Amino acid sequence: MAAQIWYENDGDLSVLEGKKVAIIGYGSQGHAHALNLRDSGVDVVVGLRPTSKSVDFAKEQGLEVKSVAEASAEADVIMILAPDQYQRTIWANDIEPNIKPGAAVAFAHGFNIHYGYIKPSEDHPVFMVAPKGPGHIVRREYAAGRGVPVVVAVEQDPRGDGWALTLAYAKALGALRAGAIKTTFKEETETDLFGEQNVLMGGVNKLVEMGFEVLTDAGYQPEIAYFEVCHELKMLVDLMNEGGLNKARWSCSDTAQYGDYVNTVINEDCRKRMEYHLQRIQDGSFAKEFIDDQDAGAPHFKELQEKYSNERIETVGPKLRAMFSWNKDGVKDADEANSFTGKIARAQVQ
């Protein structure tokens with residue numbers, strides 16, 4: 001069955017007229033949602049801890065900032081954009097005790113609703129608008145008159161206006177310029193986690209790291225190894241984005257194509273491991289492991305961060321990336337992203 005996709009003419013901004021939208025958190029997605037909605041004429045308030053370093057960022061950009069409790073008490077729509085592991089505490093302590101009857105609760109990722117960490121009462125509409133790109137790209141594309149695609153879902157619809165509200169929000173974000181694909185909280189959560197763990201992060205990162213180690217352990221120069229297993233990956237992914245796997249293949253040499261076809265690194269054993277990890281996502285095992293570690297102060301998470309931030313490939317990358325003139329514009333994007341992430345984003349509403 002073909003996916004249902006909505007575009008610009010399918011959303012009605014008048015649905016948000018007279019309504020106040022609270023954006024909880026001002027990290028990567030938070031700043032993009034707040035600014036895009038504000039520039040679309042929506043009445044926006046940002047909810048943050050009074051001591052959050054993000055308060056100054058938001059105020060400098062002309063946004064109204066209040067505590068999470070105050071913002072929640074006056075909002076008709078509450079978009080929760082704090083990190084997954086903090087959302088349930090923010091909900092229990094600041095949002096649920098203050099939320100107006102019938103106010104809508106929104107998310108950009110289904111994690112806490114799908115796994116039951118947040119359970120709004122049945123009188124609250126619950127919807128999702130999840131951009132398929134980082135916040136600084138969502139903001140940049142909006143400012144350029146374009147948009148980043150989103151996936152959208154409605155989990156609770158007590159009044160029957162859930163989809164109209166969802167599409168109005170997506171339009172205000174600029175997303176309907178690109179398109180909004182209908183999904184469910186379950187599908188978005190499970191596929192998003194699967195993609196991160198098995199392809200985008202846990203797959204690609206491990207391939208790059210291991211490929212680099214195999215070459216350098218065999219005596220090849222680290223700089224040459226970096227070019228072959230990391231640098232060229234970006235160009236190949238760009239070709240995939242433009243024309244799929246086929247364009248990436250026919251853009252390469254016959255030698256490269258043949259090596260692709262006969263490669264045995266990614267095989268049926270890999271598929272079985274992917275299926276195992278999908279099962280852990282589906283049955284909630286991964287979510288419980290992550291949340292339990294976070295509740296304990298994230299000792300395992302911090303240990304892994306330290307371990308992988310010191311991989312050998314990271315000692316070579318900075319020097320070589322400085323050689324690429326076309327990376328100069330990307331540095332600005334990286335700086336912008338970093339200013340809204342890392343320690344500031346993690347501390348935003350705790």
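Yeah, the Cβs are placed from backbone N, Cα and C, and that goes for glycine too.
According to Swiss-Prot, the feature domain 'KARI N-terminal Rossmann' maps to 3-183.
Taken residue by residue with DSSP, Gln87 (NADP(+) binding site) is part of a helix. Less than 8 angstroms from the CB of Gln87 (NADP(+) binding site) sit Ile80, Phe111, Asn112, Tyr117, Ile118, each of them six or more residues away in the same chain. Under the heading NADP(+) binding site, Swiss-Prot lists Tyr26, Gly27, Ser28, Gln29, Arg49, Ser52, Ser54, Asp84, Gln85, Tyr86, Gln87, Gly135, citing sequence analysis as support.
Residues within less than 8 Å, Cβ to Cβ, of His109 (active site) and separated from it by at least 6 positions along the same chain comprise Asp84, Met128, Ala130, Glu188, Thr189, Asp192. The DSSP secondary structure for His109 (active site) is coil. Taken from Swiss-Prot, the feature active site applies to His109, supported by sequence analysis.
Swiss-Prot lists 184-327 with the feature domain 'KARI C-terminal knotted', giving sequence analysis as the kind of evidence. On the 0 to 100 pLDDT scale, the model's mean across the domain 'KARI C-terminal knotted' (184-327) is 92.
Look at Swiss-Prot and you will find Asp192, Glu196 tagged as Mg(2+) 1 binding site, backed by sequence analysis. In the shown protein chains, 19 other C-beta atoms lie within 10 A of the C-beta of Asp192 (Mg(2+) 1 binding site).
Its own atom aside, the Cβ of Glu228 (Mg(2+) 2 binding site) has 14 Cβ atoms within 10 angstroms in the protein chains shown. Under the heading Mg(2+) 2 binding site, Swiss-Prot lists Asp192, Glu228, Glu232.
Around Ser253 (substrate binding site), taking its Cβ as the centre, 8 other Cβ atoms fall within 10 Å, counting all chains. For the recorded site, Ser253 (substrate binding site), the DSSP three-state label reads coil. The substrate binding site feature in Swiss-Prot is assigned to Ser253; the stated evidence is sequence analysis.
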According to DSSP, folded down to helix, strand and coil, what is Tyr26 (NADP(+) binding site)? coil
Among the binding-site residues listed here (Glu196, Glu228, Glu232, Ser253), which has the Cα closest to the Cα of Arg49 (NADP(+) binding site)? Glu196
Looking at the binding-site residues Ser28, Gln85, Glu196, which has the shortest Cα distance to Glu228 (Mg(2+) 2 binding site)? Glu196
Largest inter-residue Cα distance among Tyr26, Gly27, Ser28, Gln29, Arg49, Ser52, Ser54, Asp84, Gln85, Tyr86, Gln87, Gly135 [record-listed NADP(+) binders, Å]: 20
Near the Cβ of Gln85 (NADP(+) binding site), how many other Cβ atoms are there if near means within 10 Å? 19
